[in-house]
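Undergrad: Okay, so TrEMBL annotates it like this:
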BINDING   Glu36, Asp144  divalent metal cation 1 binding site
BINDING   His71, His94  divalent metal cation 2 binding site
Amino acid sequence: MRVKEQYQLPTVLQDELIALEEYFAEHESKITAVGECGLDKRFKESIDQQLEVFDFQLELAKQYNKPVVIHSVKQHHLVQERLKQAKVDRGIVHGFSGNYQQAKALVDTGMKLGIGGVITRPTAEPTRDAIAKLPLDSIVLETDAPDMPLYGMISEINSPQYIPHIFKYLVKIRNENASILAEAIWRNSNQVFAIN
């Protein structure tokens, strides 16, 4: 891959991508996934750069057969398009917040959805509805610590210690047996990261 020929990016950013590519080449066996990578609409002025960097990271994931951990803020449609184009079909869209159509489109690319504290918020009804309808093999659990605290803990720093609370919400939302749900989440996580 020739970063300088393929991507029209500032030199500093090109240098970082070259360093990332070299790091992968030297340490591939120690790398579990590519990410956090993706697109964030809050930074509109840099969307072209975001797309080029995301495409580059997807190419690395494909080249080294690694899953991706995706950050997507109000760009689910573009993320889905890029995943399809790159033929990357293993990873997690972390901290998923969106509706059923968005969730299904991402899951249809092979991604799992990372379910975290957002499901506890009163405004997250579309996300809860999506999670209730999705196949069991499409979800994993996360905190996104120290970000995305549970509702009612907004002033607190999030922590992995809150996973049991998120899990309880998930059991209610899906109306599933807790042990079946826990086993599925474990299996899904192992599948994404190729853990036997």
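In case you wondered, yes, glycine gets a Cβ from its N, Cα and C as well.
TrEMBL does not curate its annotations; it predicts them automatically.
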Undergrad: In angstrom units, rounded to an integer, how far apart are the Cα atoms of Asp144 (divalent metal cation 1 binding site) and His94 (divalent metal cation 2 binding site)?
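TA: Cα-Cα distance, Asp144 (divalent metal cation 1 binding site) to His94 (divalent metal cation 2 binding site): 8 Å.
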Undergrad: With every protein chain in view, what's the tally of Cβ atoms within 10 Å of the Cβ of Asp144 (divalent metal cation 1 binding site), excluding that atom itself?
TA: 16
Undergrad: Using other CB atoms within 10 angstroms as the count, which residue among the binding-site residues His71, His94 scores least?
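TA: Selected from the binding-site residues His71, His94 on minimum Cβ neighbours within 10 Å: His71.
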Undergrad: Using C-alpha atoms only, work out the spacing between His71 (divalent metal cation 2 binding site) and Glu36 (divalent metal cation 1 binding site) and round it to an integer in Å.
TA: 6
Undergrad: Using a 10 Å radius around its CB, how many other CB atoms surround Glu36 (divalent metal cation 1 binding site)?
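TA: Here the count is 14.
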Undergrad: Cα-Cα separation of His94 (divalent metal cation 2 binding site) and Glu36 (divalent metal cation 1 binding site), in Å?
TA: 9
